[in-house]
Every structure is written in structure tokens, then in C-alpha cells.
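According to TrEMBL, the features are:
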BINDING   A:Asn81, A:Ser120, A:Lys152  4-amino-2-methyl-5-(diphosphooxymethyl)pyrimidine binding site
BINDING   A:Asp82, A:Asp101  Mg(2+) binding site
DOMAIN    A:18-207  domain 'Thiamine phosphate synthase/TenI'
Number of protein chains: 2
Amino acid sequence: MSVRTVGQAARTAFDPAVYLVTDTTQCGGPAGVVATVRAAVAGGATAVQLRDPDASTRELAELGAALLAVLRPAGVPLVVNDRIDVALAIGADGAHVGQGDLDPVTARRLLGPEAHLGLSVSTTREAAAAAALPPGTLDLLGVGPVRTTTSKANARPAIGVDGLAAITAAARAAGAPPCVAIGGLRAGDLPALRAAGAVGAAVISAVCGTPDPRAAAAALAAAWQAR
Amino acid sequence: MSVRTVGQAARTAFDPAVYLVTDTTQCGGPAGVVATVRAAVAGGATAVQLRDPDASTRELAELGAALLAVLRPAGVPLVVNDRIDVALAIGADGAHVGQGDLDPVTARRLLGPEAHLGLSVSTTREAAAAAALPPGTLDLLGVGPVRTTTSKANARPAIGVDGLAAITAAARAAGAPPCVAIGGLRAGDLPALRAAGAVGAAVISAVCGTPDPRAAAAALAAAWQAR
């Protein structure tokens, strides 16, 4: 396991345009996650989040270390969902927490000032609460689910592109970090999301488990760039 | 949530004689865990481990903070099972890891030198591996399950008192940390376990969910002292 310190990548290096969130089951197991991430990065994925709430801590750390071996040479950042201990253990670039994970202030304290930290929000109220946190706590808000998603158990109701636009606008007005859209997104959704103020699209099933994850990521990257 | 740093209690203050491991379900929920811990400490529990693999990270941190509010005034240490991030977040006295959690060297690095760190082992081979870790990595081995346990899913086969004695002897010969017995233990087992070389007995169901956790802990403490 790597002994890197969190935050080797500068916080400014995190580009969430095409942000792949991994799903071990959809990828067919840990080796499939590594293969999917490698292909997605070749296709244009700009950031990766390791998410596997069913893995043991050791399994998650081993998978994270394997992903870092793929991502460091590519210059693509890796964050870990929920598990700050695993992020610290493997020297990831940061973490992403949900409303049921460690509170962002505590997560920031554990990660240190240089790590990337994102927070999931589903309402304008949660976005306003995020904006009220001490400056430097958060780097990114994950806003959704935009569409109905099957990748997360107990996901909240879909907010739609209009909901994404409303939360993004509220977040901007309140001085919150930029918003990345998430939840059931396909390449065709991306131009509208960008127009609505999102700085990127986080995807799971649009890449994981598809026949050609490289092509899937390339289609997302192209759609994000489309004007 | 507390902002204490891990390790306020000196490592030498950890007495595992009557070591309560919490089970939220058996205790009837988080409030039941707090009540059980309060009663058990009044009865003579000497150390507490927070364990709840089904809780969200935030639920676990909130429960841990509530337990610290009970345990600090009593001078009884609290460690967190598996979740180094939660231990750090709440300022617990340390952590306990299993063979599927973060490896002990990484856990020690994240916790710092003053925190308590325990490791579960079930075989003489695992005890020997623990002994081979760098000095100062581990403070305690949890050895078991001695009896068949219903408190942990996928527990390994029971090793019995003879197995506990064999592993404890092997650990001592190899220079490993002291061994606390765990797994389906009742008060009547404790004299034999102490005679077999254990430095304490870790219990779940002998206290959690019993009608009188204070009396249950007192019976364990008395049994441990019996000669």
C-alpha cells in the first residue's frame, strides 16, 4: 500500500468535467473497476471517485491503491467516497462525503488543507448549509440525483435538470463551491447541464459495465465540450 | 462532536480485563448502547470498543461522541472498531482492527504513536505475523472466537480455551502484544481464560441486551478477579 500523504495533487488540478464514480458490481469486481478506470481515463475521464460501500476496509484500500497506480501516471485525481481513513491510508487526492458521512468540517480537518473534498447535496437548503461552512472546507458540491438512478440504494427523488439549475444558482448566489451534476446521466444530458451551470457530470452506469468504457467516456467528454 | 486529538489517554491506561464490545442491535439502538455502556462501567467494565458495521459513518461518529461523554468522566478508554476515521474524528483513545480492515502499520500511522491499537487474530500464524510487525504497532491482540458467537456474522470457527491458550503462548513466545479473549464468553469462563494467559475478556452478548448490564459487568469483573 502506498504511503503517500493526501494532497500531492494540488486542489486546483481537480477537473470534474467527466467525473467517473466507480461501482464494483457493475464493473464485475475489483479487477473490472481497474480496467474500467484505465479505459475511461484513456477516453477522457477527468476525475475518479472510488465508491464501494460493500467492500471491507482492506478491500477498499487495496482497490484504491490499484487505481492510484493507474491514475498517477495519467495525472487524473482519485477521491474516496465516505472513507476518510482509506483516503489517508492510500494517499488519495481527497474524499467525497454524503449527508450521512462525517461532517465536512471534520472531514477537512482529518484530510488536511490540500486535499480535495466534495459534498453531496440534494436541495437548495443543503447547498445553503454548504455555503455557510468555513471557507476552504469544500471544493465541490455533487448535486442530484438529476435522473432516476439505479446505482445507489435509497437514492433521493430525481431533481431533474430544472432542479439542478435551481440548486446550482442558489449555491452560486450563496457563495458555495461549484456544482457537479450526478444521477442517471447520459451523454445527451450534458449540454443542458452545462448550460444550467454545472461544472461537470459525475457518472456511474454511463461508463461502468458498458461494453466499451473508453468510448463511453469519450462520448461524455465530447458531449461536455459541445456548444 | 468532540475535536479532541486521539491519544489523550496514555496507552498504559488501557486495562482490557472486562472489555465491552458494543452491539447496537442487541442494545436496542444507539440510546441503548449509551445506557448499556454507562451501566457496564458502573458495574466494572474497564474498556469499551464501539462496533457497528451497519451504522452510517455519521451515526457511528455521533454514537462514539455520546459514549466519550460517558467514558471520559469515568476514566475508561474508548476504541473504535475498524473505522480509523471515526476514531480520529471523535478523539477516541484508539482503534481495533480485524484481518479485513486497514493493516496495522497503516492504522498506527494514521492514529499516531499514543493511541491504543488492537488486532483480531484467530490462529497462531496470525499471532506470529502480529509479533513480526514493527515495535509499537500493536498494543493488544483480540484472540477468538473462544466460543461459538452469534454477535458477528461470518465469525470463524470457535477455538476453545485450549486454542486460546495455544495462541496466547505462541504470541508470548514470539514477543507479540498481550492477548484478550473474545467470542461467546460468560463469567464462568473467565478464570480458565486468565489461567490460560489472557489479560482480559472481551464480551458482547454477556452484557449487551441483558436485563441488568451493570450486574452482568460486575459478575464478569468478579469472575476475572477470582483465583
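Each residue's number is its place along the chain shown, starting with 1.
Note: Cβ is positioned from N, Cα and C throughout, glycine not excepted.
Keep in mind that TrEMBL annotations are predicted by a computer and have not been checked by a curator.
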Revision key, fill the gap. For the binding-site residues A:Asn81, A:Asp101, A:Ser120, A:Lys152, proximity to chain B (Cβ under 8 Å) holds for A:Asp101
Check your understanding: Cβ distance under 8 Å to A:Lys152 (4-amino-2-methyl-5-(diphosphooxymethyl)pyrimidine binding site), same chain, sequence separation 6 or more: which residues?
Key -> A:Pro145
Point to revise | Cβ-Cβ distance under 8 Å to A:Asp101 (Mg(2+) binding site), same chain, at least six residues away | key: A:Asp82, A:Ala107
Review point. Under a criterion of Cβ-Cβ distance under 8 Å and sequence separation of at least 6, what residues of the same chain contact A:Ser120 (4-amino-2-methyl-5-(diphosphooxymethyl)pyrimidine binding site)?
Key: A:His96, A:Val97, A:Gly98, A:Gln99, A:Leu141, A:Gly142, A:Val143, A:Gly144, A:Ile182
Review point. Taking the Cβ of A:Asn81 (4-amino-2-methyl-5-(diphosphooxymethyl)pyrimidine binding site) as centre, how many other Cβ atoms lie within 10 Å?
Key: 22
Practice item. Tally every other Cβ atom lying within 10 Å of the Cβ atom of A:Asp82 (Mg(2+) binding site). Key: 24
Practice item. Within the same chain, and leaving aside A:Asn81, A:Ser120, A:Lys152, name every residue whose CB is within 8 angstroms of the centroid of the CB atoms belonging to the recorded 4-amino-2-methyl-5-(diphosphooxymethyl)pyrimidine site, in sequence order. Key: A:Val21, A:Arg51, A:Asp82, A:His96, A:Gly98, A:Gly142, A:Ile182
Exercise for review: Using only the residues recorded as binding 4-amino-2-methyl-5-(diphosphooxymethyl)pyrimidine (A:Asn81, A:Ser120, A:Lys152), report the maximum Cα-Cα distance in Å, whole number please.
Suggested key: 13
